Amino acid sequence: MTGTKNNSGRGSGGRELTVRVKTSRGRTASSQRWLERQLNDPYVARSKREGYRSRAAYKLIEIDDKHHILAPGMRVVDLGAAPGGWSQVAIERVGSTDEDKRVVAIDYLEMDELPGVILFQKDFLDEDAPALLEQALGGLADVVMSDMAAPTTGHQKTDHLRTIYLCEVAVDFALNVLKPGGHFLTKVFRGGAENTVLTQLKQNFASVYHIKPPASRAGSVELFLLAKGFKGRKAAPETAAAAEGGEDESGWRP
């Protein structure tokens, strides 16, 4: 793991100045806006100070601080892991080491190795990917978490549907590898088509939450679904009407 952690949540003190990026030939307006947003994002600055590979680490930290899904000794699967921010948090909170690796991560993007992580550079949608992850786990998982999202097209509905498909595949995987009482966390985009996922989660878990952690940008359409307390593979399905809904922390209703 790179860097030294300081999870006090305090900044470096003083008022931070807004950084403006000069226009450059060959740089589009959208890429310039993205660069300025990155340079002025306090979570980006904090991740660099504290040694996390991405600002996404703080989304998981904030979710776990409130909902307590990670604990020492747990086995965790991280889907869509690159560049590794969520895996870093999982390592710390479950106590994974090279001698006792309890975090298994997968992404088709290249990702530098982390101590305590079994890493696969592979598309999770490959036919043999689930079996590889199950074998690497060496037992049932306590937590399956997915930050997978399809590459954006700029068309919000299309992007939402493609990401929901990844979410559905992740749910199916979680139902096969989680131990009773285990937890599932996934990213979704607002759009309405996630009701099928919600129904499936409500059928198989004791409680389901919609979460918009503070580290998730206010203008982003992303939300996180957290399903706690897996009922086990033989749980009797509820009716769709009874399964819809879930507790909402985001102010948004499906």
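Using N, Cα and C of the backbone, Cβ positions are placed for all residues, glycine too.
Where the annotation comes from TrEMBL, it is an automatic prediction and has not been curated.
Per TrEMBL, the candidate among ASP65, ASP123, ASP126, ASP159 that belongs to the S-adenosyl-L-methionine site alongside GLY84, TRP86, ASP107, ASP147 is ASP123. DSSP gives TRP86 (S-adenosyl-L-methionine binding site) a helix state. DSSP assigns ASP147 (S-adenosyl-L-methionine binding site) to coil in the three-state reduction, outside any helix or strand.
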